[in-house]
Amino acid sequence: MISCWQQTNPENKVEKRMAETYAEAAVSITITTLTDVLAFYIGMIASFPSVEFFCLYTGTAFIFSYMFNITFLGAVLALNGKREEGNRHWLIFTKVKDIVQPHRSYLYNMCCVGGFSDKSSGGEGEYPMNKFFRKYYGPFLTKIWTKVSVVLLYGGFLATSIYGCTQMKEGIDLRNLASDDSYVIRYYDWVDDYFSEYGPRIMVTITENVPYWNLSIRNDIENCMKSLENNSYVDKSLSESWLRMYENVARIGSLSIDTKAFFMGNLSELYKLFPEFELDIDIRYKEIAASLFFIQTVNVTTAVDEKNLLHQLRDLAKGCKIPLMVYQPSFIYYDQYIVIVPNTIQNTGIATGVMLCVSLLLIPNLLCSLWVTFATASVVVGVAGFMIYWDVNLDSISMINLVICIGFSVDFSAHISYAFVSSEKSTMNEKAVEALYLLGYPVIQGALSTILGVIVLSAAQAYIFRTFFKIMFLVILFGAVHGLVFIPVFLTFFGIYGRSSNKRVNIKKIGKKQQLF
């Protein structure tokens with residue numbers, strides 16, 4: 001909005017300048033806001049409450065930010081227009097001269113002289129960065145050998161990204177939930193060093209009141225325990241069962257446990273020999289409401305092992321005749337491994353499709369919409385693939401950032417593509433140069449401002465903040481590279497000649513405005 005304001009004619013009334021500013025900027029900020037809000041709201045369909053709440057909060061925050069920009073910021077621009085109309089100083093609001101004073105210092109003329117404008121356009125003159133894109137970078141990028149290099153570079157980028165996606169690691173290391181200087185990290189390091197052979201000790205719970213004194217029921221319980229112990233991740237020699245021990249005690253001591261009265265009455269004999277078993281039996285109103293057994297897992301070293309263990313044990317428990325439940329506190333982390341990949345694919349796929357629909361609705365050019373969708377998908381694949389090279393696993397934390405990736409990746413490519421297809425230049429290369437001239441500077445401004453905003457998180461003592469920085473850095477880097485390098489070159493191969501069908505759009509006027517950012 002500020003850039004659009006700077007391109008209006010200072011000689012016009014504030015009302016007209018505001019009208020021109022909103023006419024040019026409102027559609028652009030509406031497009032980018034809508035794509036971001038939809039990306040986050042789509043993220044709410046994830047299975048993780050943490051992701052759902054984050055996406056709800058952030059999407060709503062974008063709506064409030066949008067309302068703030070078109071209301072409060074507009075009012076500030078109007079007040080500033082009144083100041084400019086009176087040719088007053090930006091800080092102390094006193095009248096300033098509009099002609100350079102030769103006898104004054106450079107600092108005085110810079111701070112206390114105003115009112116300059118480009119007489120030919122009515123706005124400010126050409127920015128040095130815009131001139132760089134028009135005169136140097138654009139012509140350089142459209143040379144044949146440069147295009148060949150860009151195509152090879154993109155092929156390498158895509159191959160590296162796809163390979164990284166195939167090697168992606170799932171799951172969150174519990175160390176990463178603690179601060180870098182926490183003793184918890186040392187604890188898990190020692191566990192890996194000295195006890196990595198052993199996995200979590202699993203609780204097997206009979207969740208309902210069953211007649212344990214019935215021999216067939218006891219056999220069913222034993223069969224369930226054996227099926228769990230025969231799993232490749234379980235060491236049967238380390239299982240712990242109060243019922244097995246009770247049957248041994250009864251056999252050695254010639255105790256009867258085949259009736260309810262004898263079974264319940266003789267439990268005290270078990271407690272005398274093994275008092276710890278009293279904690280495994282929950283007796284309420286002279287009934288065993290629930291009971292507990294233990295199995296020991298081994299060689300559970302990776303997130304894939306943990307996911308397979310959880311799947312297999314739950315399937316075995318589900319197939320038992322006795323109502324069983326397997327549980328371990330770390331299952332809360334294993335559960336996410338089961339749904340993290342399907343949720344990520346689902347969210348990114350739906351969001352990318354929505355981006356295409358939004359582009360078609362608000363930018364009525366099929367070619368432009370397809371290139372925007374291509375760039376979005378390419379950036380998402382790149383970010384997901386390069387996570388492996390920066391030690392970032394696919395978990396609920398990185399999934400949140402991938403949702404952000406979808407919204408932000410649109411910003412860099414949408415207007416470059418639209419500037420190209422709307423250009424009135426006669427050749428593909430000229431269209432690409434003009435698109436870069438009009439929007440290259442805003443892309444760089446947006447990329448640098450975002451990176452500067454999150455770079456402080458790179459030194460954070462918590463994995464969550466560092467992960468946010470890493471993925472945001474990749475998003476901004478790849479998005480800017482797509483907007484400034486890949487998309488302009490590819491458009492020269494697959495673009496269209498002729499003028500845009502949208503006669504109402506003056507892209508030269510739009511382009512000078514940094515409306516995206």
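In case you wondered, yes, glycine gets a Cβ from its N, Cα and C as well.
What TrEMBL says about this one:
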DOMAIN    1-79  domain 'SSD'
TRANSMEM  21-44  transmembrane segment
TRANSMEM  56-79  transmembrane segment
TRANSMEM  144-164  transmembrane segment
TRANSMEM  345-363  transmembrane segment
TRANSMEM  370-390  transmembrane segment
TRANSMEM  396-421  transmembrane segment
TRANSMEM  442-465  transmembrane segment
TRANSMEM  471-498  transmembrane segment
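Among residues of the same chain six or more beyond the transmembrane segment (442-465), those with a C-beta under 8 A of the stretch's C-beta atoms are 3, 129, 175-177, 179-181, 397, 408, 411-412, 415-416, 472-473, 476-477, 479-480, 483-484, 513-517. Under the criterion of 3 or more C-beta pairs below 8 Å, with sequence separation of 6 or more, the transmembrane segment (345-363) and the transmembrane segment (471-498) do not qualify as touching, having fewer than 3 such pairs.
In summary, the transmembrane segment (471-498) lies against the transmembrane segment (370-390): three or more C-beta pairs, each 6 or more positions apart in sequence, are under 8 Å. Using a Cβ-Cβ cut-off under 8 Å and counting only residues 6 or more beyond its ends in the same chain, the transmembrane segment (396-421) has close neighbours at 28, 31-32, 35-36, 38-40, 42-43, 46, 48, 50-51, 54-55, 58, 172, 336, 340, 343-344, 347-348, 351-352, 355, 359, 363, 365, 367-368, 371-372, 375-376, 379-380, 383-384, 387, 431-432, 434-436, 438-439, 442-443, 446-447, 450, 463-464, 467-468, 471-472, 474-476, 478-480, 482-484, 487-488, 491, 495-496, 500, 507, 510-511, 515-517. Look at the domain 'SSD' (1-79): DSSP puts its residues at 68 helix, 0 strand, 11 coil. Each residue in the domain 'SSD' (1-79) has a pLDDT score, and their mean in this model is 85.
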